[in-house]
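Positions annotated as region 'Disordered' by TrEMBL: A:1-22, A:538-623. Annotation comment: TrEMBL describes A:44-62, A:92-112, A:249-269, A:275-293 as transmembrane segment. Per TrEMBL, domain 'YdbS-like PH' is recorded for A:114-191, A:429-505. TrEMBL lists A:550-574, A:588-612 with the feature compositional bias 'Low complexity'.
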Amino acid sequence: MTEPGYPQQPQQAPPPAPQRPDARAKAAELVDGEWHQLHPATPLLRGGLSLIIFAGVLFSIFRDRLIGLFVPDEFGSEWEQDAFGDFVVDQLLWVALGVIGLVLVLVALFWVGWRVHRFRITGDAVEVQQGIFVKKHRRAPLARIQGINIQKPWFARLFGACKFEIQQAGNDSNVDLNYLSTSVADALRYEILNRASGRSTADSQRLAAERQQAAGGVVNEFLHPDAEISNVAPDSLVRIPVGRIVASSLLDGWIVWAVLYVVGTLVVIFGFQQWWAVFAILPAAIAFFAAGMRSLGAKLRYSIAATPDGIRLAYGLASTTTEILPPGRIFALQVKQPLLWRPFGWWQVTFTRAGKMSSDGSGSGGQNQQMANYLLPVGDLRDVRTVIGLVLPELAQSSLIDQGVLGQAPDDFVVSPPRARAFRWFSVRRNGFHVHPAAFLLRHGRIWRSMHLVPGARVQSVAMQQGPIYGMARLARVQFHVPGSVLSPSIGALDQQDAATLFEHATRTVKVAIDTDASESWASSLSRNAVLETAPAVQDGLMPPPPQPQEQAASAAPPSAPQQPESAQWQPPADRWQPPPADRWQPPREQQQQPPQRVQQQPPQPEQQQPPSFGQRPPRDES
Amino acid sequence: MAERIDVTGEWQRISMRYASVESISTVIWWLIAGVGATVPIWLVNDGDMPWWGWLPLIAAILLIVIGVTFSFLRTRTIGYLQRDDDLLVRRGMLFRRFVAVPYGRMQVVDITQGPIERMFGLKTLKFVTAAATSAVTIPGMPGDTAEQLRDHLVAVSESRRAGL
């Protein structure tokens, strides 16, 4: 979209990089609705490892004997009693035949498995067929794609293959195309996303042309495993210096615990002369080291960028993963700060998704499981704002983020009343919430600071709770229910009036957000208005245009719409916000259309003394 | 004591017979526990029951009384409210919980009926959304109301289907 006048015949364009149009043509071939086979190295990659392990076990069993073959004199006596080994040597022919036969059968099975493992991509679904004895046929609608990630384990990269995983909501509902050829995987992902987004052919061709032009020269599989995408989108919006990654990993909560554990055990060993404790320290130290190296390896090449199809995350050093999360597939965010990061001003952003990234069983599963929840492994406040801006553009330049992560009481957040100090000893002036048209912001903790952001359109249900002790203190808790088990946003120790108003308002906001949400086929909802191409953010109502008629009309809404006071406050910074380069996606939520008609129906809390103009409320008196 | 949280509206109460259902299962549960704790004491003491041997049974009976009382009190608090855009479900007297589920978010509506519920002609309605935490159940729906409410909810959420 950066060059509107670019000619629209990308496939026939004279190739600056010969393999680009190739890949796209191949990908176009793959999405023709016919059945296709996976990468020919698939059986080797799926089953080859077990063969290698098998050979390794065999070797380790007969290691002494093999050595003995070459150094017969010195080791001769040691394997005299090895009955199994003797038997093998005696019956060498039969054993060899048996092993070869077993290998042949396995290879044949893997080969047949590869033959019957097929996939096809039709207009609205991806289908996979597999299984020799037990047939499995899975069909996943494109409109419900939660994300597509391409994993390249290092051993698969040797074969030019990669894993292709289409995430669907649910526990075990992903569609895996393991393995695909690396050269087509990226292009195939774009084809699928094009279809899922409902983008017009002209649009998708133009995007492909841009990608092709941007990719420019040689694609080096090893240096730039995600070359195609990293070139189309602006480079990573967040740069994490290596030193920061290392330091943050070292200061991360559990690594500190690991060090404490090791130190404690060392004290036991040397201080109390308990030598047996060595056995407690070694495996743990090895495990900690391995885990630390793995997470470090994953974070070292972390990058995040905006593409027309959503957020692109890439990470991994030897085994890489690139993932595209279409708009509206992030259900909640959490910004938090481990205590030891505080002097450095570092933050971490995690998110929750509806699907679950399946572990690949190759040892890098842990890395993926862990990274699968990070939107930002470590970064300063500016990075946090950038990342949040990708998910919730409305909040990108808002002062609410700063207030949410750092601020306390007299600000735009509604905080716990002073009498809640018994429940929130230090954070009583911080523990609070704010309702923005796009999202609910919940902030917690003064020592362990954190903030939840829940996009309104993604909330599944809302709960308000009050136990007997909270009841005596007239406090309550409000919970937002989102898919996934990573985050469970809730805010406790609220004044019960505030909680009731938040609950009441949340149910209304969620309804409006759902109605205006169109992330299911994100591009078609954008391309409905052709003018969007020029200034998508403003046209879509995401960025407030210089005069704000809707906003002022909305601010006349009755008191129970608590986001109104603050809208006047966060507007000025939002004005300075320049719409980003047009090729970043915009979740098409039209948040200004608040439902003023419903607000009048019931004054939610008649006994409330002052209208809940949440923004300016001073700290409540203890009563 | 101060006012507790509440949401006003035309709440639909569930059948009070559900209190009997809960009471019966409470009685069965605590009787099993009480007897199960008492009999071994009796056996260990060779049929000669010490005075404290009756304590588990007494405790069980006390708990039954408390449980039955509370099940009647709690049943009075369970209710649902169909609003324009969402279904509101409440339960609990001491531990109050209100859950609002937008109609478009309902993925599955289940009706279950246990053996004791069947004796009283009651059914339990359960909603599932994409979030595991928002498990919402309405027990004690008499007669056809469960089916009627389910059909109504399915129809409404069909028209407002909103993905995830």
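Using N, Cα and C of the backbone, Cβ positions are placed for all residues, glycine too.
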Residues in the domain 'YdbS-like PH' (A:429-505) grouped by DSSP into helix, strand and remaining coil: 18 helix, 35 strand, 24 coil
Overall pLDDT for the domain 'YdbS-like PH' (A:429-505), taken as the rounded mean: 90
Secondary structure composition of the domain 'YdbS-like PH' (A:114-191) [DSSP: H/G/I, E/B, coil]: 21 helix, 39 strand, 18 coil
